[in-house]
Ligand code: DOR
Ligand code: ZN
């Protein structure tokens with residue numbers, strides 16, 4: 001629903017002063033733990049009804065018992081009266097116990113399981129060294145309808161970092177999708193036209209999330225006038241042609257693409273250092289950031305599908321009741337957001353966005 005205070009022409013979204021959509025979900029977040037969890041959970045809970053919570057804690061969330069305990073800690077960190085629902089994920093390892101995983105899914109503790117190739121990113125040292133080790137687990141997931149969420153990069157240091165997603169498709173993902181045709185696979189935070197093409201060419205069981213940063217920046221942003229640690233995440237942003245392919249996919253209306261911010265807070269000192277962490281904290285202005293892209297692409301009427309419909313439809317969960325509204329108002333994004341006695345630099349720090357989340 002797109003409207004001004006008075007009745008408007010529904011086709012003329014570009015002149016609307018506000019945009020009301022079904023309450024959205026975020027299908028990829030890092031909420032962390034401890035003080036950081038206390039500081040950041042509110043931002044995701046403010047904009048989204050549900051979120052897929054990634055399990056790359058230290059140590060990672062491997063068992064159903066650990067998933068339930070983490071969910072309790074998240075609930076305890078939420079503001080009073082908040083109805084946000086964290087959807088928990090299990091971290092797959094070479095030795096994942098298929099029975100515990102299936103039981104966790106049956107009990108409603110786990111919504112999905114995450115495949116991190118070993119050492120691909122933050123806290124992934126326990127990840128999977130060879131997907132062949134997971135074959136029985138993946139077959140079980142296919143059987144019970146449990147989605148597999150994939151960090152799609154090879155970790156081979158011989159492979160150029162900008163090619164690691166494309167090589168992952170070639171070496172691993174295409175085989176997985178072929179051998180397990182009924183397994184629901186979410187190709188997370190895609191960054192290339194290769195990934196868009198793969199998802200489009202695959203059957204209805206393969207979908208992808210797209211982050212705000214990969215819609216806004218290309219790899220030049222990481223080196224604009226100096227090294228820019230706050231533009232560094234994994235997978236790294238790629239060439240402009242890839243960003244444009246992601247924009248076309250996100251705004252296409254295809255149910256295979258949906259919102260997943262990959263909000264990944266790191267305190268400022270962990271980013272601004274000789275070996276800075278990967279991750280962009282985009283939760284505070286996530287919807288504003290996506291709305292800016294959809295408006296630039298003249299596709300505001302497709303934001304609701306991407307943000308609120310395609311995700312739950314793919315996961316087989318109900319769409320949310322209720323709505324949220326974005327107003328066409330300038331919003332100044334702060335340079336720094338206080339968190340756990342320190343600060344985090346948010347995505348778009350110091351910029352002005354043209355939409356304001358009104359709740
Ligand atoms: O940039 C990233 N940060 N990519 C990931 O895959 C993990 C995340 C994190 O947890 O910091
Ligand atoms: Zn992530």
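Numbering starts at 1 and runs along the chain as it is shown here.
For all residues, glycine too, the Cβ spot is worked out from N, Cα and C.
Annotated in TrEMBL:
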ACT_SITE  262  active site
BINDING   28, 30, 114, 262  Zn(2+) 1 binding site
BINDING   30, 31, 32, 56, 151, 234, 266, 278  substrate binding site
BINDING   114, 151, 189  Zn(2+) 2 binding site
DOMAIN    26-325  domain 'Amidohydrolase-related'
MOD_RES   114  N6-carboxylysine
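Nothing from the binding-site residues 32, 56, 114, 151, 278 places its Cα within 10 Å of the Cα belonging to residue 262 (active site). If you check the binding-site residues 189, 266, 278 against residue 28 (Zn(2+) 1 binding site), the ones with a Cα inside 10 Å of its Cα are 189. For residue 189 (Zn(2+) 2 binding site), the number of other Cβ atoms no farther than 10 Å from its own Cβ, over all displayed protein chains, is 26. Within 10 Å of the C-beta of residue 266 (substrate binding site) there are 26 other C-beta atoms, taking all protein chains into account. Taking the centroid of the Cβ atoms of 28, 30, 114, 262 as the Zn(2+) 1 site, the other same-chain residues with Cβ within 8 Å of it are 29, 52, 54, 56, 149, 188, 189, 260, 263, 264. Selection of the binding-site residues 28, 31, 114 by a Cβ distance under 6 Å from ligand 1 yields an empty set. Across the annotated binding residues for substrate (30, 31, 32, 56, 151, 234, 266, 278), the two most widely spaced Cα atoms sit 19 Å apart. Summarising model confidence by region, the domain 'Amidohydrolase-related' (26-325) averages a pLDDT of 97.
With a cut-off of under 6 Å between the Cβ and any atom of ligand 2, the recorded positions 31, 56, 234, 262, 278 reduce to 262. Within 8 Å of the Cβ centroid of the Zn(2+) 2 site, not counting the listed residues 114, 151, 189, the chain contributes 28, 54, 115, 116, 121, 149, 150, 152, 188, 262.
In this view, residue 31 (substrate binding site) is surrounded by 24 other Cβ atoms within 10 Å of its Cβ, with every protein chain counted. Nearest neighbour of residue 266 (substrate binding site) by Cα distance, taken over the binding-site residues 30, 114, 189: 30.
Over all protein chains present, the Cβ of the residue listed as 'active site' has 26 other Cβ atoms lying within 10 Å.
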